[in-house]
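Colleague: Have a look at this one before I ask anything.
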Amino acid sequence: MDAMTSPSPYIELDRTQWRTLRKSMPQVLTEDELEQLRGIGDEIDLEEVSEVYLPLSRLIFLRVEAHRRLNAATETFLGEAMPQIPYIIGVCGSVAVGKSTTARVLQVLLQRWETNPRVDLVTTDGFLLPTAELERRKLMHRKGFPESYDQAELLSFITKVKSGTQKVQAPVYSHEAYDRIPDQTITVDRPDILIVEGLNVLQTGPTLMVSDLFDFSVYVDARREDIEDWYIDRFLRLKNTAFKDPEAHFHHFANFSDEEATVVAREIWQTVNLPNLMENILPTRVRASLVLRKGPDHLVQKVRMRKI
């Protein structure tokens, strides 16, 4: 692994090198279970789980164990027991890159460690400002950009979880309604591990940010041309499935031809998602603990892991 001695904060491993680091981590997923976790257009299969995600699961296991030893050292120093501090993992990347699938697969793999940790998953979609508020602020065209989130609410949520607060509530988002679901929340009650998945979770700022509270982070990466293709493909699939629901926010696209829908999807990508990727998401890649680099087939080709 020559990359370990290169002048870079990252170790770069190709897939062949990375898969050997799985060691004895057992395969704990079935094809039926993976089907339930797979996102629209994502090509992840059991081989991908074995060669990419099981080594990652092993790495996180080792990091969590080190985290616990560090907490024990703090208790020894203070001479008193400390409340359990959840290990928080951020998962970041562009729209359509497959970060949601990555987060869901990781959640299941981590839950099935021999130590049986409680692993919760929260997406930052629930912390988007309600549609009515976005319209009031004239930000609907900026949905997904940092300013479209209730950053204070998100930071408060993560801070409470990190400090060991019981039964912390997180808002819930509906992709069908394209809005928060009023009066509906999920409860996060002192998990061993919390996975936070979202577009902008690695953002930095002049004051405390969500990313400052992460113990580990994963950035799902790919060429922007590939992500554009995946976004358009996903849009076409949704046109023929979820958009057909009369209650769906994008129902008006359901009767578009594939050619018409492709034009719409490409315009949305080029005017909203690509600028957000280039201005806000991609610049945070350097802050990730680990980068999963995908090829055109949606499968991971190489991994970059921070040395420090």
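Note that Cβ sites are derived from N, Cα and C of the backbone, with glycine treated the same way.
Swiss-Prot lists G93, S94, V95, A96, V97, G98, K99, S100 with the feature ATP binding site, giving sequence analysis as the kind of evidence.
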Colleague: Might you list, by sequence position, any residue in that chain lying six or more from S100 (ATP binding site) with a Cβ less than 8 Å away from its Cβ?
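Modeller: Looking at Cβ-Cβ distances below 8 Å from S100 (ATP binding site), excluding near sequence neighbours, one finds G39, T123, E197.
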Colleague: If H, G and I count as helix, E and B as strand, and all else as coil, what does DSSP give for V97 (ATP binding site)?
Modeller: coil
Colleague: Could you tally the C-beta atoms, other than its own, that fall within 10 angstroms of the C-beta of A96 (ATP binding site)?
Modeller: 27
Colleague: Of all the binding-site residues here, V95, V97, which one's CB has the most other CB atoms within 10 A?
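Modeller: By the 10 Å Cβ neighbour count, V97 comes out on top.
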Colleague: Pick out which of the binding-site residues G93, G98 has the most other Cβ atoms within 10 Å of its own Cβ.
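Modeller: Answer returned by the neighbour count: G93.
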Colleague: Relative to the Cβ of S94 (ATP binding site), which residues of the same chain, six or more apart in sequence, are found under 8 Å away?
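Modeller: In sequence order, the residues whose Cβ lies under 8 Å from that of S94 (ATP binding site) (at least 6 apart) are L199, V220, A222, R224, I227, N273, N276, L277, I281, L282.
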Colleague: Counting across all protein chains present, how many other Cβ atoms fall within 10 Å of the Cβ of K99 (ATP binding site)?
Modeller: 24
Colleague: For the recorded ATP site, whose residues are G93, S94, V95, A96, V97, G98, K99, S100, find every other residue on that chain with a C-beta no more than 8 angstroms from the centre of their C-beta atoms, and list them by sequence position.
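Modeller: Other same-chain residues with Cβ inside the cutoff are V220, I227.
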